């Protein structure tokens, strides 16, 4: 480089000094230089030849508008406090140095080839280029300023402030840079940085070909390593973060609050995660040889991978079964591959998610660890939960052993199912939702388990000193039994229910409005055949209900056996069948206690056992079911289906209305002798099922006779309305009949129906004959005195003939067939619904004769006599509670005599005949047989005399059309009909 020097006299030193032609400040002024030109030339001639001397520049300003736009420093040249403005350039090379240079917008400082720059300040728009052996030390890069280090250049101690940038590229290097908030350091294409400190808000970008070593990331400082970039020995402190986007990192140390994020294509090797630090691996990210110390955390997302992981005690792994993870922990080797996790250790924030179709085997869930099993995920081997370890998931399938270790205080809400087992050793757990473990539940070492609003199906094995609590509506189905140490205690409260699935043993059982159910529930697998179940207790206290089963027919049933004291109040809700006991009246024990003041009562007060009802009896400290033996009372007269005892004077008296009361042979097997004598011996009370059968056996007779009664009014006025050549008629009828019966078999029969027919009338010499056919239908609702509502659907038809003459005589005959479709509905004493459907055929008829007399011009009288007969065929029926009944042929034979008094009026030109009627009827049938369970015979006696009273009116609207209406009241030994009504019409051809 060509340089021009001046030789000037320095008065202060008394010597000649060689200076650059650019020197002004601090030297002689230009006019003084001109005065010494001659002296200089002389000196040049006189002095010997010598090399050029180094130049020193202080406080120079270069750039556009200045005397000089550039400054070149080399070979020992120095410059201090230089200001480089827009367009100005300073070149520092070959031993030149610049100190405290200020580079403003548009200014450039080039440091290369052995040049050096110290303490430069790069402001907005200013640039410093360090290359080819140049070096820059302690540079400050401010907002908008840029330092570029490349091609062998180096920078040390650069401070990059907010908005400033440092680029280290193409063989450049930077050491000990400090990147502050908002500042950036870019490293790429062979650039190397070391010991960079990235502070709050600062950013370091390591790109393709760049490398960063010993970087320290402080609060919110970030290091971004993209594809082809590498970072080594990075230290990540609290709030700092390293992001690997295809780049690689080795030897990273992550401290409390620090984070490393490894994304797609990124890799990290030999990372150490200290307490509070976290390494996060995303899809297609890969880490290897990560060491997790106590309190540190490795999180691997689905599609990410981590290998050769060292999980120290207290270290946490957060991952799922769609990741690939392997390494060692306190329990040995662990791995996740192909949707299968093996030997995972989850503690101190560790979390494993098992996805649908995936599985986890031999998982250890420690304090603050979580195992999350999604629907379709499966647990195998031994899954262990300790301390505050948690199992979560909407649907968890356990095919292994789910083991809650001592001191576990875990809670579970969701569905836990599978063929595995659940073991709790010590601790206090709580389960809600749904639980089903085919392998059973094992409660050990003083453990306490609470089932809170849980639907559970599992057999439970307890040890002495353990406690199982059912609370808040829990339903448990399964056996509970002890082991060789004894049986644990149990509490059933808060409307909870325990369904026993077989014989069970409990230490101390406490009921707090809970229910223990011996019956098979919808979730059990018990066979339809009855199997008695026993519950053995050490002691019993509280209040609640025991729902039990008995089969008195085979003299067997469930047993509650309390070895110690029993105290409190308990209800026995006992179900039995309609089957007949082999040995009638033998007591059946249902409760045994070792002592105490416990009180047991029978729900409903009774239990059905085939034909008879049984009650609860106490003997010493034990309780038995025994056949009732109360005295008989008067039968009911006002049954009510909605309240079986309403209007029933024998309510609370179990044998009221028993026709065999006082008859020792009545109802005995095979006697068939209901009237074998009298006795003062107490009798048993029939069940509601028997009473319903007895009542339904008589219903066809009452239905048929009611229809036949209404049929006799088909003509209205037989002589006036029945005219040749004939006609058609129709009639609606409705009635409400209260029917008493033996053995409390009374009922209310409500009938609604119609009849319609047609006939032809033949005129004889002094009389007429009507011959016709008809069809009838009625719906008959039966409300049993002791509860239940049955129905008889009756349809039929027949033939009739009526003869009458001009003197007022008439004879009327009817033949009728009926089909009865019977639906029996009642319930047992325990509330179990009972039903049985069957059909019967019935045949019958009536014959009536009478005469109409004129009392005066308008009044008339019509006496008559009438007889009816009916027979329904016998029927074998079976109820759904197992009861059988043989209904014999039901017969009815009645005779009736009556009188109608009326008058004939002319109303608006129409003939109207109001009338009153009275009659007395007697039923002769008193021996209709019914046999129950092939054992007990009953006699339905429907005989008795009945008074009938009515009023009606016939109106002849036209010569060929008439209408009529009638209302009647009936009262007799067996029946009372407060009102029976009918309306009809006839049209003659």
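Just so you know, glycine gets a Cβ as well, placed from its N, Cα and C.
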Of the residues 70, 94, 795, give the one that Swiss-Prot describes as O-alpha-linked (D-glycero-D-manno-heptose) serine.
94
Could you check which of 639-678, 719-758, 799-838 is flagged in Swiss-Prot as region '8 X 5 AA repeats of P-[DG]-[AGT]-[DGA]-[NKT]'?
639-678
Considering the residues 322, 767, 854, which is the one that Swiss-Prot annotates as O-alpha-linked (D-glycero-D-manno-heptose) serine?
322
Record (Swiss-Prot) lists O-alpha-linked (D-glycero-D-manno-heptose) serine for one of 263, 333, 484, 617, namely 263
Name the residue among 68, 264, 925 that Swiss-Prot annotates as O-alpha-linked (D-glycero-D-manno-heptose) serine.
264
Per Swiss-Prot, the region 'Disordered' among 110-146, 369-405 spans residues 110-146
According to Swiss-Prot, one residue among 97, 464, 680, 943 carries the annotation O-alpha-linked (D-glycero-D-manno-heptose) serine; which one is it?
97
Among 162, 189, 226, 248, 322, these being the glycosylation sites, pick the one whose CA is nearest to that of residue 176 (O-alpha-linked (D-glycero-D-manno-heptose) serine).
162
Using residue 189 (O-alpha-linked (D-glycero-D-manno-heptose) serine) as the reference point, find which of the glycosylation sites 135, 162, 181, 294 has the shortest Cα-to-Cα distance to it.
135
Ranking 101-119, 139-157, 158-176, 177-195 by Cβ pairs under 8 Å to the repeat '1-8' (215-233), which is first?
177-195
Integer Å value for the Cα distance linking residue 162 (O-alpha-linked (D-glycero-D-manno-heptose) serine) with residue 181 (O-alpha-linked (D-glycero-D-manno-heptose) serine) is 5
Validating a neighbour-count step here. Other CB atoms within 10 A of the CB of residue 263 (O-alpha-linked (D-glycero-D-manno-heptose) serine): how many?
19
Based on Cα distances to residue 248 (O-alpha-linked (D-glycero-D-manno-heptose) serine), point out the closest of the glycosylation sites 124, 135, 181.
181
Show which residues of the chain containing residue 124 (O-alpha-linked (D-glycero-D-manno-heptose) serine), separated from it by at least 6 in sequence, have their CB under 8 Å from its CB.
104, 105, 142, 143, 144, 145, 163
Work through the glycosylation sites one by one (131, 135, 263, 294) and name whichever has its CA nearest to the CA of residue 322 (O-alpha-linked (D-glycero-D-manno-heptose) serine).
263
Compute the average pLDDT of the predicted model within the repeat '2-5' (659-663).
36
Secondary-structure category, per DSSP, in which residue 124 (O-alpha-linked (D-glycero-D-manno-heptose) serine) falls
coil
Output, ordered by sequence, the same-chain residues six or more apart from residue 135 (O-alpha-linked (D-glycero-D-manno-heptose) serine) with a CB under 8 Å from its CB, or 'none'.
111, 115, 116, 117, 153, 154, 155, 156
